[in-house]
Amino acid sequence: RRMHGRAGAPSIFVDSRRSTLLGSFLCCSSDELKRASRAQLRKSRLLTAQSDDPIAETFAQKKRRQLASGELYEDPEFPAEAHSLFPNPDAAGDKSLEDFEWKRPREISLTPKFINKSMSRFDIRQGELKDCWLLAAVASLSMHRRLLERVVPSDQGFDRDYCGMFRFRFWQFGEWREVVIDDRLPTKNDRLCFMRSQEENEFWSALLEKAYAKLNGSYQALGGGNQAESMEDLTGGLCESFDLSQPPGDLLQILFQASRSHSMMGCCIEGASQQQSVLPNKLITGHAYSITDVQNVTMLDGSRQCLVRLRNPWGNDSTWDRVGPAEKQRLGVEVGDDGEFWMAYEDFAREFTRLEVCRLSPEAMYDDSGASVDPRKRKRHWEMSLETGEWVANISAGGCRNFIASFHTNPQFRVEIPAPDDHQAAAQGETKLGTIIVGLMQKGVRREAGGGHFKSIGYCIYSLTSREAESGTLDQLFFRTHRFVAKSIFADLREVCSRHRLPPGYYVIIPSTFAPNEEAQFILRIFSEKPNRAETMDTCSCISCGHETGLALVAGRQSVLHAVVEQPTDQLYKAFIKFAGPSRKINARQLQQVLNVTYSKEIKSFQGFSLDTARSLLALVDVDMSGSMAYEEFKQLWGQVRQLRKVFKEFDPGSTGYFDAFKLREALKLGGLSVSNKVYHAVAVRFTDRDKGLVGFEDFVLLCTRLQI
């Protein structure tokens with residue numbers, strides 16, 4: 001899937017003060033959860049970069065300050081140094097870092113231009129870097145002038161207000177980001193080393209590549225990838241991938257629809273190895289091609305044939321020779337268009353192995369002023385919702401469905417398909433279906449040292465009843481008793497994406513890594529013809545009151561906690577008097593002693609409760625805040641601790657003193673404590689052993705106590 005060319009979970013901070021935690025824990029109704037989810041959705045929508053936005057103002061201020069200094073700008077975040085090129089020299093191959101010299105365009109050309117006349121797909125040439133996957137996407141983007149203008153603002157140059165500072169915009173994980181660079185470029189013998197324009201005095205493409213390298217951490221990070229990544233980063237769209245060795249039956253229709261609806265397309269021939277090879281027809285394996293048009297044309301003999309136009313300097317096909325001059329003029333082809341060629345559709349489908357179609361997001365369909373990117377085309381565009389999340393080891397990184405005991409701990413996203421697609425034909429008695437395209441993308445991998453490695457990711461989709469859709473997070477039992485209705489492949493790509501046609505209704509999407517405990521942040525995007533309603537499945541934080549202990553009983557497991565388990569009253573009283581003495585009251589230190597005498601014998605490897613835990617337990621029943629408790633308070637507290645011990649033993653039947661951290665939320669629920677996703681994450685990182693993935697008995701008791709105080 002990775003093609004080669006020729007040559008940072010939102011951190012959750014919870015105030016340790018009880019009021020802050022309890023505020024988020026107890027004061028959260030179902031309606032409030034929904035409103036918060038909708039607010040988060042609005043906040044995470046793709047941000048359209050506008051001329052008067054704060055980022056643009058910051059750039060203008062920075063540029064004015066630089067001009068006032070009289071010095072040319074030097075980017076401190078992406079310096080003209082070796083580590084900006086190849087931070088991992090071992091992976092640089094035969095490239096000697098000493099051969100590179102950083103030069104500004106004015107040092108390379110006497111008449112440098114940012115854009116020479118206009119930006120065209122024929123302008124761009126690949127250099128020594130293996131980033132044909134980026135070059136092909138830029139070539140496709142250049143066919144959409146207003147889309148390209150968003151990425152490459154044209155109001156820049158080397159004449160008026162030049163200070164060595166340039167800016168570009170890229171879509172990254174749910175928002176448009178502005179990247180500011182200086183114009184020092186890697187050269188050898190006064191020639192650009194990497195991406196460049198056909199005209200030697202034009203520099204927009206070389207500077208665009210540098211900005212993208214900065215966004216990803218280095219030039220080295222761009223050495224190998226797939227077009228889906230670059231097409232999405234240039235448009236904010238969602239890419240579907242089609243295996244042409246097993247093509248869909250409507251492949252030709254997909255090509256025509258994509259060509260006519262502003263979608264960007266790319267293709268490649270996947271080889272057995274990562275090494276490129278030139279085929280007899282001059283096509284190259286492991287190389288990225290952009291698809292620039294699809295047309296039904298009239299041949300010289302009067303027949304009609306479908307042709308696919310591709311762009312790559314090494315392509316060649318003789319079909320175009322059989323098309324008459326009138327058709328050539330209608331299609332607007334120029335004989336001298338370097339790197340662009342036409343293939344018969346049948347040959348295209350036979351020779352290429354993968355097709356990437358990037359469907360533009362609603363935001364990408366309009367320019368900065370809100371106008372359609374092409375007023376002549378009133379095409380239907382897709383509706384989109386976007387959610388963010390992360391997989392955290394032993395908390396929310398449960399792995400795929402093969403690991404059913406932890407699968408339910410993965411983030412869960414509810415989506416509603418409200419209605420079937422428009423103009424859908426269905427046989428009598430058949431249910432009309434709605435289409436959703438789901439894209440799961442992991443974040444920040446290319447910025448890791450040496451480019452990083454993508455984890456194998458994917459997702460499953462389950463159908464929900466309306467009651468299940470409103471029930472909060474789904475537990476392990478649901479996934480043991482329900483079968484998924486759709487799923488993606490699991491692949492070590494930045495994004496996996498699939499199209500699904502499902503009956504209108506409620507569904508839950510479970511994104512995951514293939515193996516448990518692999519950590520990453522991700523975004524989940526859902527495209528549909530009709531507006532879809534998507535949000536995180538969450539539970540309202542609350543304490544369910546059951547017996548006089550204050551702990552609830554969970555349906556289906558009431559036999560476990562049918563009654564408060566305690567020592568016979570006379571034995572319990574004797575133990576209390578032994579430690580209380582004449583005052584008939586015990587303090588936290590005495591409570592610690594009496595608890596440890598009992599539980600150190602019951603639980604293997606248990607070292608006893610700390611004084612801090614004893615103080616928290618005492619606070620549960622110390623209503624008068626005297627710092628001590630009488631026998632009746634002690635008796636009540638003893639019952640609560642015994643019940644927590646009973647809950648703990650359900651998940652630690654061998655009395656080892658620990659249970660799997662993935663079971664913590666279920667244990668809390670069995671103890672009558674329901675917590676929201678945010679609260680659960682906050683307490684799980686504090687009260688579990690992150691290295692071993694375990695929850696100890698004292699930590700469990702302390703957590704349950706703190707949640708009730």
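Placement of Cβ uses the backbone N, Cα and C atoms for every residue, glycine included.
As recorded in TrEMBL:
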type: DOMAIN; residues: 72-361; note: domain 'Calpain catalytic'
type: ACT_SITE; residues: C132; note: active site
type: ACT_SITE; residues: H287; note: active site
type: ACT_SITE; residues: N312; note: active site
type: DOMAIN; residues: 639-674; note: domain 'EF-hand'
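Overlay of TrEMBL feature records on the structure.
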residue: C132; record: active site; Cβ within 10 Å: 29
residue: H287; record: active site; Cβ within 10 Å: 26
residue: N312; record: active site; Cβ within 10 Å: 24
Taking every residue in the domain 'Calpain catalytic' (72-361), the average pLDDT works out to 84
Taking DSSP helix as H, G and I and strand as E and B, the domain 'EF-hand' (639-674) has 23 helix, 5 strand, 8 coil
CA pair N312 (active site) / H287 (active site), Å rounded to integer, equals 9
Rounding to whole Å, the Cα atoms of C132 (active site) and H287 (active site) are apart by 7
